[in-house]
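Student: This structure is in structure tokens; I'll ask about it shortly.
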Amino acid sequence: MWSSVGLSVINVVWSSLALCFLVAFCAHKVSRLLPGIFDTCPAYVLFQDLIRYGKTKQSLKRDEWLRVFDVPKRWFWHFYAVSVGWNGLLLVLYLSFIFQHQSYPLWLSDFLDILTGAHSSDSQVPQLSTVLVQLLLWVHSLRRLLECLFVSVYSDGAMHLVQYMFGLGYYIMLGLTILCCDRMEKGLSWCFLCASMCTIPWFICFVVLMLPPFLLERSSLLSQLDWLLVAGFLLFIWASWLQHQSMVLLARLRTGKSGTVETLTHRVPKGGWFELVSCPHYFAELLIYISLSFVFRGLSFTWWLVVLYVLFNQALAGQLCHDLYISKYKSYPRHRRAFIPFVL
């Protein structure tokens with residue numbers, strides 16, 4: 001059963017976000033069917049200004065006062081820097097809570113009480129799923145941070161200040177959501193945790209320090225291992241590779257064989273999954289969140305709401321890019337979808 005179904009604050013937040021982006025996606029699709037009708041409407045221009053960023057924003061006709069709220073798109077790396085720091089902290093706090101039986105800081109415990117409507121319990125069952133999702137999110141954020149700093153080649157594209165502030169808050173809320181799911185789900189096995197954490201040298205010393213309390217755990221560990229958890233881990237690895245490959249292909253559109261930047265103009269992406277969709281990196285992002293839901297054994301209703309939000313968010317971003325490619329390049333392959341192969 002999905003044990004986290006309920007009118008908790010965290011569920012309301014994610015369902016509201018998912019609904020907002022679904023409405024935004026539908027509104028954009030409708031506006032494409034009625035070209036020119038809303039172009040001069042101030043509310044429509046503001047709406048487009050809020051949903052677009054980067055190359056999809058450059059062709060938007062807007063008043064000068066709206067440009068005051070532009071910030072560089074290259075500031076995307078700020079999101080992942082915040083995520084690495086914040087979600088790394090939450091991971092350490094959770095490990096301390098499980099292995100050393102140290103309570104969460106009062107501010108964190110109280111906030112989780114508000115978000116979930118459920119009070120913490122000192123007898124909480126250790127959850128491999130929670131630790132692994134936290135770890136994978138941290139690894140994902142670190143990879144994206146390194147890609148932003150050392151792989152991606154940014155032009156003078158911009159995003160709205162509201163989008164920037166939303167992005168900073170998003171990864172903070174995401175880490176809290178994992179702990180909320182932890183409160184509303186039953187415990188899983190720890191054996192896969194040992195295998196996964198040994199792949200990250202940063203965690204080895206921490207695990208060694210925590211080892212004595214871990215050896216005192218009396219529950220049967222091996223019997224709790226679930227194939228969905230392993231499948232989710234493998235899907236995460238493949239989706240991360242797909243996203244990284246796509247980011248590299250995008251960067252190569254602006255660099256030469258030596259790796260030096262030769263141009264900042266936009267070109268038609270080719271190779272890899274770009275032959276199927278316009279934005280395979282957005283599709284990979286969706287798969288990454290689905291993989292984390294598998295790690296939760298598909299039982300976390302709250303996390304499925306997160307997946308639903310990511311679906312509509314990435315669908316909107318992918319559709320905007322897809323529309324731009326079609327309108328800008330007459331020879332753009334018509335068989336390509338926006339971001340889900342053969343579907344959307």
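Using the three backbone atoms N, Cα and C, a Cβ is placed for every residue, glycine included.
Automated prediction, rather than curation, is the source of TrEMBL annotations.
Pulled these from TrEMBL:
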DOMAIN    227-344  domain '3-oxo-5-alpha-steroid 4-dehydrogenase C-terminal'
TRANSMEM  6-27  transmembrane segment
TRANSMEM  75-99  transmembrane segment
TRANSMEM  161-181  transmembrane segment
TRANSMEM  188-215  transmembrane segment
TRANSMEM  227-251  transmembrane segment
Student: With pairs closer than 6 in sequence left out, are the transmembrane segment (227-251) and the transmembrane segment (161-181) joined by 3 or more CB pairs under 8 Å?
Tutor: no
Student: What is the average pLDDT across the domain '3-oxo-5-alpha-steroid 4-dehydrogenase C-terminal' (227-344)?
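Tutor: A mean pLDDT of 93 is what the model gives the domain '3-oxo-5-alpha-steroid 4-dehydrogenase C-terminal' (227-344).
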Student: May I have the DSSP-based helix, strand and coil counts for the residues of the domain '3-oxo-5-alpha-steroid 4-dehydrogenase C-terminal' (227-344)?
Tutor: 74 helix, 4 strand, 40 coil
